[in-house]
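Asks: Residues or ranges marked as active site in Swiss-Prot (evidence: similarity to another entry): Asp305. What Swiss-Prot records for Asn41, Asn107, Asn277, Asn337, Asn351, Asn403, Asn500, Asn509, Asn554, Asn567, Asn588, Asn719 (among others) is N-linked glycosylation site, and it gives sequence analysis as the kind of evidence. The signal peptide annotation in Swiss-Prot covers 1-20 and rests on sequence analysis.
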Amino acid sequence: MTSASQILVWGLLAASGAQAQNYGGGSSRSDDAFSYVQPKNTTILGAYGHSPAVYPSPNTTGSGGWETALAQAQDFVAQLTLEEKANMVTGQPGPCVGNIIAIPRLNFSGLCLQDGPLAIRVTDMASVFSAGVTAAASWDRKILYERGYAMGQEFKAKGAHVALGPVAGPLGRSAYSGRNWEGFAADPYLTGVAMEETIQGYQDAGVQACPKHFIGNEQETMRNPTFNDSAPLGTVIQEAVSSNIDDRTMHELYLWPFANAVHAKAASIMCSYQRINGSYGCENSKTLNGLLKGELGFQGYVMSDWGATHSGVAGIKSGQDMDMPGGLGAYGQTFINRSFFGGNVTAAVNNGTLEESRIDDMILRIMTPYFWLGQDQDYPTVDPSTADYNTFSPRNTWYQDFNLTGERSRDVRGNHAALIRKQAAEATVLLKNKNNALPLKAPKTLAVFGNDASDITNGPYNDATYEYGTLAAGGGSGTGRFTYLVSPLTAINARAQKDNTSLVQFWLNNTQIATSDVQADLLRVPTPPTACLVFVKTWAEEGADREHLRLDYNGTEVVEAVAAACNNTIVVTHSSGINELPFANHPNVTAILAAHFPGQESGNSIVDVLYGDVNPSGRLPYTIARNGSDYNAPPTTAVTTSGREDWQSWFDEKLEIDYRYFDAHNIPVLYEFGFGLSYTTFNISDIYATRVVDSITSAPEDRAIQPGGNPELWETIYNVTVSVTNTGDVEGATVPQLYVTFPDSTPEGTPPKQLRGFDKVSLQPGESTKVIFELMRRDLSYWDTVSQQWLIPEGDFTIRVGFSSRNLKEVTTITPVSE
């Protein structure tokens, strides 16, 4: 048993380790960085600038299939002392990134919480998978599930009970957000599907999923408050940025994918650093009690992001259930040896400030998914190597003995290398392929350019950008520790040997390439190589928003210098997401591939695509504009005033993000949302829609809330069928996409079209197949702010199906509710 006074000690130690990781946000920016200064006279919050109070925090009922596990959790809670209850909701320093200590007398071994969304970050002998944005670019439900399941297997085998992912916040409001790559797509529907498939994969493997960051977490700059460190507790100078989001936008954009997460029975959800409509994410009763636990019927527990707890009693009453990592404070503040939770929970119950029943519900929410997933039955112990790599809470900060007696450095990778290679290849997006430059056909000579082509030079773990070495993951808590990383140059050399390619030249110094006459100074041969491969990259990380949308390390200049000398220049980008591509129409740039962050099999996966072993079938999960200045919804990077509440981010674009914005304003783009080429061709035909229910009303029947909300919203009401044919000469996969245009009766501000269905189909030459899209009630509904419910508008819906958001071949109409 740990006393209240003991609980107060370790908060300092855990939090100090967190501060050292420098994930705080609001870091300094270079002189030429993109800047958006908040306009003056916006510091007085508007109609949606104040988050309304919603109390009390709803109790869990175990609905959705957790009833038996809830009964087990109730029996467990009934045996706890008050001090043990405080420990159950408060993190401590230990071997994992987050730790809930064991209670041996109840045979509870504690909880190990581990980063992150593409790998187990603090361990060895584990795989590094492709990033979320890469997985989303596959537009493949099977890949999304398999990736989640394989990661879940590795987390479990290392003894982690909770995987801190996947990510739906940021959604991708801004092209500049530093963490877009951790998430999936700049669209709520595609992100929602990716969340659901990934969570089901994690949890089918026996690991709790923790979707994050709830909600409106769309920028890194000023995500935490600034403090006067000289004050006893660190007086706040300026509060964290507030994401100010209107009710309809909240529901139709930012809450949408979290509804999928809850529908998938996610065990936990992480609340975010920043404020939402004036209140911090982890003490916002409207978002936690009202939206998440109330409207969506979430049955699991809400944990704080690391250092995102700003209060004890207020946060608990507002719906927060677990404090991580357990110490008092937030990033940038001098931590002291107390916890907002911990001993303060005990004190608050004893003095009547908190009802013990609320603490009981917090623990029921924590333990119900634990029992539901069978984590009380022969669960693997924590790998001791985890502690060796965990700089978040080094061993000398631990207050408890974690009895790490299991096998050290256990290899949990299994056969996942082949899976990672396949997934990354199939997610690669072919943006340009002039004159069928790809696939390569045993070229006689090759030249490889760019610092992204080579082996990494800074070791297996990189939390900051690096000049030399291929980029396979971003930085921050969402990164991974490579046991190996196959570079493009290594894989190309291996393939060249196999093909008897006579010469593979390479230049890795971007400055040298960009400032040279490539033909005269570098190639020094009378005729250019058969193909020139240029590898360029763009870093992004937690804690800082992107400063520009250009390629890093003079990448554009490198491409242009090579293209000036080589009439078959093939460009591969390893990027966190959106890039400006001013060379896209250069006549000598014959092919462009967006490979995003592919994980440890980077080189092998791109060579599979370059040589045609895999026909690329990735599609863009965002829009690539003609110019960086064409994007809307910038992050707030600075303010001109010094008031405590002055950091505001006004989501006044409302529903118009990414393709919705470009479509609404008829802005030409370079490559549209959903775009991607193949080495073969496809056709779509014969669209028809079928109503599958007899009667459809505008409002859903008022039914008991289940995980995901009103179950009526998840019922299919229409099927839309099309025929897809491979009209080319080689096998390939394509992604038919369905977009809905709402009737004119829908309120103003509705986007011209919205993604509401997709499927990936693989076909042999000449083969055809039927694709059926199931449209649920929620897919045809908008959020009505007056009645506070989802409504299907009266009138005709236009249904379009095609191969991208701007290549829609087949059209039909449906009328669910007549005028």
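The chain as shown is numbered from 1 upward.
Using N, Cα and C of the backbone, Cβ positions are placed for all residues, glycine too.
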Asks: Rounded to a whole angstrom, what is the C-alpha distance between Asn588 (N-linked glycosylation site) and Asn277 (N-linked glycosylation site)?
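Replies: That comes out at 50 Å between the alpha carbons.
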Asks: Among the recorded positions listed here (Asn277, Asp305, Asn403), which has the Cα closest to the Cα of Asn500 (N-linked glycosylation site)?
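Replies: Among Asn277, Asp305, Asn403, Asp305.
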Asks: With Asn719 (N-linked glycosylation site) as the reference Cα, tell me which of the glycosylation sites Asn107, Asn277, Asn509, Asn567 is the closest one.
Replies: Asn277
Asks: What residues, ordered by sequence, lie under 8 A Cβ-to-Cβ from Asn107 (N-linked glycosylation site) and sit at least six positions away in the same chain?
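Replies: Looking at Cβ-Cβ distances below 8 Å from Asn107 (N-linked glycosylation site), excluding near sequence neighbours, one finds Asp376.
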Asks: Taking only same-chain residues 6+ apart in sequence, whose CB is under 8 Å from that of Asn567 (N-linked glycosylation site), what do you get?
Replies: Pro528, Pro587, Asn588, Thr590
Asks: List the same-chain residues at least 6 positions away in sequence whose Cβ sits under 8 Å from the Cβ of Asn351 (N-linked glycosylation site), in sequence order, or say none.
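Replies: Expected: none.
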Asks: Using only C-alpha positions, which one of Asp305, Asn403, Asn509, Asn554 is spatially nearest Asn277 (N-linked glycosylation site)? These are the recorded positions in the record.
Replies: Asp305
Asks: For Asn403 (N-linked glycosylation site), write down the residues of its own chain that are at least 6 apart in sequence and whose Cβ falls under 8 Å from its Cβ; none is a fine answer.
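Replies: Non-local contacts for Asn403 (N-linked glycosylation site): Ala102.
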Asks: What's the most sparsely packed of the glycosylation sites Asn554, Asn719, counting other C-beta atoms within 10 A?
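Replies: Comparing Cβ neighbour counts within 10 Å for the glycosylation sites Asn554, Asn719 gives Asn719.
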Asks: Which one of the glycosylation sites (Asn277, Asn500) has its C-beta surrounded by the most other C-beta atoms within 10 angstroms?
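Replies: Result for the most crowded candidate: Asn277.
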Asks: Cα of Asn554 (N-linked glycosylation site) to Cα of Asn509 (N-linked glycosylation site): how many Å, rounded?
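Replies: Rounded to the nearest whole number, the Cα-Cα distance is 10 Å.
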Asks: Within 10 Å of the Cβ of Asn509 (N-linked glycosylation site), how many other Cβ atoms can you find? Include all protein chains, please.
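Replies: Looking across every protein chain shown, the total is 17.
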